[in-house]
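Read the structure below first, then the notes.
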């Protein structure tokens, strides 16, 4: 305080602090103007040393001092106003940061939405482009499946016919195996009959030559034997006819068997060829469908990721909007409080600034003295 009084006495000027209301950047503020005029407010005693330094060097000069009364200031209100001002500044900076973050998030959300829309369009275009090929593959698959079913039906019919022919061939083989025995028995019976016939003919010829009267019983027996001989001839003819028919049937069966075997081989070759072709087509279709499924799954995963990103950005955007609203409300509240404090303490801030200026000048003077 002594240094400030010395400084005031040395300067011989009065300082007037004026508060000017200014509008800067759409905001209200106060500018403080300090003016100096030549009206002296301190009278010093006449001395050869008019400055404090001269007084300090001489050591005998006395400087009159004026006791300044402490201004009645509400320090708590000033501190509250300063803290409110600092809080308002912090909130303004936070609001700017939130606005910049909000703008960045909004741009990212818009870019992500555009990317998701592009992926949706690409996925729809890929599905539209692949639909004709899928229909073509489906049609080819149905045709190949129908041909396979018809070939399987023909193969089943051929196998049934072959089984019937095989059954007939077994019967013919059994007949062929029994035929030599029947032929042997038939030849034995025929030879016996021929021997008996020849014997009887010789007896009849001898009896006729000698005029022997054949008894009725013998004649009856001869007639029976002749009828048996005719029956044996007819049986022999029937057996020969049956043998020839069996031989022809056996030949036809063998020929049919060969033909059926050739048909079966041809059908098996055709089935094998069609099966290989069908397997190749199926493998190609499955591979292409796997590629299409993989592409669709990749696009779906990317789309889900982008949708999650969009939802996250929307959530962050909503949170940033809430924070911005809260910061704006706090700023408005702080502004209202600051306006109320300024209205209540109109000259407190001016006094604080003046005191700080005086203290600063006093510290400078004390530093220059010492």
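Numbering starts at 1 and runs along the chain as displayed.
Cβ atoms here come from the backbone N, Cα and C positions, even for glycine.
Feature annotation from TrEMBL assigns coiled coil to 145-172 (among others).
Positions annotated as coiled coil by TrEMBL: 296-337 (among others). Within its own chain, the coiled coil (296-337) is flanked in space by residues 84, 87-88, 91-92, 94-95, 98-99, 101-102, 105-106, 108-109, 112-113, 115-116, 119-120, 122-123, 126-127, which lie at least six positions past its ends and keep a Cβ under 8 Å from the stretch.
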Model confidence over the coiled coil (145-172), averaged pLDDT: 81
